[in-house]
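Here Swiss-Prot flags CYS333, CYS336, CYS356, CYS359 as Zn(2+) 1 binding site, drawing on sequence analysis. The feature Zn(2+) 3 binding site is assigned by Swiss-Prot to CYS465, CYS468, HIS473, CYS478, with sequence analysis given as support. Look at Swiss-Prot and you will find 851-870 tagged as domain 'UIM'. What Swiss-Prot records for 281-321, 776-821, 889-912, 927-964, 1026-1089 is region 'Disordered'. What Swiss-Prot lists as region 'TRIAD supradomain' is 329-569, and the listing cites sequence analysis.
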Amino acid sequence: MGNTTTKFRKALINGDENLACQIYENNPQLKESLDPNTSYGEPYQHNTPLHYAARHGMNKILGTFLGRDGNPNKRNVHNETSMHLLCMGPQIMISEGALHPRLARPTEDDFRRADCLQMILKWKGAKLDQGEYERAAIDAVDNKKNTPLHYAAASGMKACVELLVKHGGDLFAENENKDTPCDCAEKQHHKDLALNLESQMVFSRDPEAEEIEAEYAALDKREPYEGLRPQDLRRLKDMLIVETADMLQAPLFTAEALLRAHDWDREKLLEAWMSNPENCCQRSGVQMPTPPPSGYNAWDTLPSPRTPRTTRSSVTSPDEISLSPGDLDTSLCDICMCSISVFEDPVDMPCGHDFCRGCWESFLNLKIQEGEAHNIFCPAYDCFQLVPVDIIESVVSKEMDKRYLQFDIKAFVENNPAIKWCPTPGCDRAVRLTKQGSNTSGSDTLSFPLLRAPAVDCGKGHLFCWECLGEAHEPCDCQTWKNWLQKITEMKPEELVGVSEAYEDAANCLWLLTNSKPCANCKSPIQKNEGCNHMQCAKCKYDFCWICLEEWKKHSSSTGGYYRCTRYEVIQHVEEQSKEMTVEAEKKHKRFQELDRFMHYYTRFKNHEHSYQLEQRLLKTAKEKMEQLSRALKETEGGCPDTTFIEDAVHVLLKTRRILKCSYPYGFFLEPKSTKKEIFELMQTDLEMVTEDLAQKVNRPYLRTPRHKIIKAACLVQQKRQEFLASVARGVAPADSPEAPRRSFAGGTWDWEYLGFASPEEYAEFQYRRRHRQRRRGDVHSLLSNPPDPDEPSESTLDIPEGGSSSRRPGTSVVSSASMSVLHSSSLRDYTPASRSENQDSLQALSSLDEDDPNILLAIQLSLQESGLALDEETRDFLSNEASLGAIGTSLPSRLDSVPRNTDSPRAALSSSELLELGDSLMRLGAENDPFSTDTLSSHPLSEARSDFCPSSSDPDSAGQDPNINDNLLGNIMAWFHDMNPQSIALIPPATTEISADSQLPCIKDGSEGVKDVELVLPEDSMFEDASVSEGRGTQIEENPLEENILAGEAASQAGDSGNEAANRGDGSDVSSQTPQTSSDWLEQVHLV
C-alpha cells in the first residue's frame, strides 16, 4: 500500500496526469483512503494533493478531488491556496521532491488552466451560518501579499485574468512591493494584458463615480482669459459693432468709428455719448446719425422681413445730394481734375466730395500698403470724414481687400486694451482678458481678483505674462520676477554647491567665539562652566588665566591675588580682539545664513521647474494613452468611453506646477516672520501636497487609479490653485498690526477679588497705571527731579467716572482722609530714628520690592493684620458691627454677628489696591510740592510739625511702647513714606475739607507753585460715614482727634511758630492710648479681607 501511495505522490509532483489517473483508478483502496486535503508534511512544504493537481492543471484529478470534499482554500507553508498555484505558471522552482519546472508550456496549457480555474470558482463547500456556502477565496493573499490575479497577470494567462476579473478579483490589490496586477504584467512584458488591466482599472465602476463625474461636469472650467483665433477676433469685432449700432440706432460704419475712437470700450463710449452725442461723433470723424427709416430696425444692420432691402440707400448721407443729368456731364475729379465718366459707378461719400474711381483705388491702395487701414480719411483738403468700409471693399481688389481686413483686425487688437497678441513668433492668435465685474457671484471663478501680472494662454499652449509679455511668472509681479532673476545672476547658484556645509561651519564658529575662548598656547577652544580663573588646557596642559589669557605664572598679589586678575591693559586688549573676532564671525554667519536661505528657495524653484519639464511630455503621451484605453475598452465592452479627463488632468497639473515654481520667488521677497508669510507658506504646502498626489496618479506608464479618483484629484488641485491665486491677489493676509500695550491680569479670578477690585479690567487698569508712573525711589532729590506727567490722568479721573459715581463695586471704597489719619497715626507713632537705623536692611529690601506683585500685596494685607494698629474706642465699636464680606466674592466665611439696621457696611481695613493708591497719592503730592531742598528741610517749620506725628526716641510716650511693633512691614512702609515725603503727610486734608485751586497750603513758601485741584472724594460706602447728612453738603465724616490735629497744624503753620506749638500740644496721649497691644485685639475689631 505504501508503494502505491508513493508512486501516486511522485506522479502528482512530476505533473504526470496520465500515470496519476491510472494509479488512482486502479487502486480502490487508495481512492477510499486518500484525503485530498491532507498535507504531505514539511519536506513537501505542506502541500496537499489538491495543491499539486492545481499546480500542473490536471483537470480530471482536480475535478475528482473537488468532488471528494477537496477544499481549495487550504494553504501550504507559504500561505498559498490551490488557486495561487494554478495561476503561477512555470516560473516558480521548488527543489527536492516538490514542484519541478517545465521548460516550455504549450498554448493548450492556458485553456486547461482556465478550465481548472472555472471548476474552482464553481466549487461550493460547507454551509455557513448565514445560510450561504463556502466559496473559493478569490482575493486570498500569500506571505508576499500576492493574490491569484497577481500570478495570473505575471504569467500572461489572459483567459485566467478575464475569469478572475469577471468574478470580482481586486484590480487594485498591492503586494509587498506595492505592485498591482497591471504592474506585474508590465514587468513581465505582457503589454496587451497590462493595457487591458489598465482599462479595467481606470473605468471601474464605483458608487462614488457617478457623483464625482457629475461634479466634474458641473465644474466651471473658465479662466479669466480667452484665446482667440483670427476668425474669433473678426466675429468678436462684428458682434461688438452690431450691438453698439443697434443700441445707438446708428449705421455700422458710424458705430465702428465711435468704438475705435473710444478704444473699443462700450462703457466709455456710452458715457461720452450720454454727455454730448454731437461732440462724440465730431471727435470720431463721423456725422451725427439720423433716425432710421421705416422698415429697418437699425442703420445698415438687419433688414426688416417685411421690406426688401435696396441695393443703394437714399439716406446714406444726411444731405441728400441730387445731381441732374446736366451736372453729371460736367462733374470733375478733385484730384486729377478730369471729368468723371457717366459709365463709372459713383463713389458716394457722406461728405459729398467726388473723385474718380481710379484716384480712389490709387489712394486706398497706398493707405492700405502703409498700414493705415483703420484711419483712412477723405482725400479732400481739410476733410476729416472717415471712408466707410463698404466703399473700400467695393473699390480695391480682393487681394488688397484681404490685406485691409488683416490690418483692420490688427488695429482692432492694438487699440483694444483688453486684447493682446500672442508674443510667440509665428503665432497669429490673441488673448482677451476678462474684466472682473463687481456684480459677479462669490462662487464664480471669474469673481476671483486678478493678479497684477496674470499668466494667459493663447490656446496653443503659449503661456506668457499679460503685463510684460514675457515668461509667465504668476503669482509674482513683473518687478518681483525681475528681482529674482537678478538675484540668481548675482548669487551664481551653480557655484554655491556647499552652502549648507559652509553655513553650518559659520554657525559653529560663531558659537565657539561666543561661548568659549582659545587656549593661549595651542588655540584649542575651551569652554568654562565652573571654577576659578586658573585654567589648564586639557590638550597641551598649558596653565593660563581665563581673564587675560596670559601665563598663570605672571599672576601674583600684584594682579589682585592669585585667583584674580586686575591687569586692565591686557584685559582690554583681549576683549577687543574677542569682540573683533565675534563681529567678523557674525558677519560671516549672517552672509552664509542669507546664502542658505536663498539656496532653500532656489532649490525648490529648480525642482518644480524640472518637474514641469518632465510633465510636459505627458501632453503627448496622454493623447496616445487616451487612444489606447479607448481601443482596449471598445474590444471588451464595445463602447467608446470618454478619455479626455487624462488630458485635462495633465493641463491642470502643468498649470499648478508652474505656479508652484514661481511661488518660491514670491515667498523669498516676503517679510520674514510675518503673518502674511506664515499664511502663504501654509497655503503653498497645501497646494504642493495635492499637486504631488495628482502627479503620482497621472505620471505613470500605466494608470492604476480609477477615472473618478483622477477626476477628483484634478478638481481638488484646480480648486486649491484658484484659492491660492485669489489669496495672493488679495494680499494673502492683512498687514501685521502693531502690538497693543499688554495689560496682564492676575493668575486667577480670586486675585483681583481678594485684592478688592470689582473686575479683572479694573485690576488691569490699576496695574497699567502702576507701570507707567514715576518709579524712582530713594532720596528727596530723586522724587523732586521726577515730576508727574502732565498728560497722565489724576487719581480722581481714573477712579471716579464723569457721572460722579464710583466705578468700584459696593463694598470697595476709595481711601478717605479719616481712615488714612487713623492708619498714619497708629503706624507713624512707632517710627523713631533709632528704630529706623535698626531696620535699615528691611527698608533697603522694601525699596526694591515690586508693588505689582500680588504676593507683595497680600503680604502687605497680612502685615496690617499683624501690626496691631491703634483705633479709638468709638471707631472700634463701629467696626465691630462690620457686615459680611463673603457676598462680594471673597473666600472668607461670613460673619455671624448681627448688623445694625440703617447702617452702611464699612470696610474693616484698607485693601491692597487702596494701600498702593495711597503711596501713589503721597508721591504725587510730594513731587508737585517742592518748596524745599534737603539742606533747608530740617530747619523749616514743617520739621517741627513732623514731631507731632513722629516723636523721637527720647519721648516718654514712645519709650513705653512695645518694640516688636516696629518690626512689622506696614510700619516700615509708613516710615519710609514719612522719610521720603515729609511734607506730603502733613498736607493730607480731612475728608470734609475741599482744597480750592487758589488756596495755598501752609508749608508752601511765597512765590512757589501751590497744589492745585487736590480733592479727596469720599464714596457712599466709606468706612467712617456718619448717618446724619447736613443740608447743602454731602455725607459728613465722623470727627477724629487726628483730624483736629491736622487742622490745628494748618492753622499753626499760617500763624507761625506759636501755632506749631499749639499743634504739638493738640496731638498727644489720646492717640497712643487707643493703640491695641496685641494682634488678637486688632482681629476682634477688624474683619480683614
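Glycine too: its Cβ is placed from the backbone N, Cα and C atoms.
Cα distances from CYS359 (Zn(2+) 1 binding site) to the binding-site residues CYS465, CYS468, HIS473, CYS478 are smallest for CYS468.
Cα-Cα distance from CYS478 (Zn(2+) 3 binding site) to CYS336 (Zn(2+) 1 binding site): 55 Å (rounded to the nearest whole number). For the binding-site residues CYS333, CYS465, CYS468, CYS478, the largest tally of other C-beta atoms within 10 A is found at CYS465. Candidate binding-site residues: CYS336, CYS359. Fewest other C-beta atoms within 10 angstroms, CYS336. Spatially, by CA atoms, the binding-site residues CYS465, CYS468, HIS473 include one closest to CYS333 (Zn(2+) 1 binding site), and that is CYS468. HIS473 (Zn(2+) 3 binding site): 27 other CB atoms within 10 A of its CB, across all protein chains. Sequence-distant contacts of CYS356 (Zn(2+) 1 binding site), defined as residues of its own chain at least six apart whose C-beta falls under 8 angstroms from its C-beta, comprise CYS333, ILE335, CYS336, CYS338, ILE340, SER341, GLU344. Shown in sequence order, ASP334, ILE335, MET337, CYS338, ILE340, PHE355, ARG357, GLY358, TRP360 are the same-chain residues outside CYS333, CYS336, CYS356, CYS359 whose Cβ sits within 8 Å of the Cβ centre of the Zn(2+) 1 site. Under the three-state DSSP scheme, CYS478 (Zn(2+) 3 binding site) falls in the helix class.
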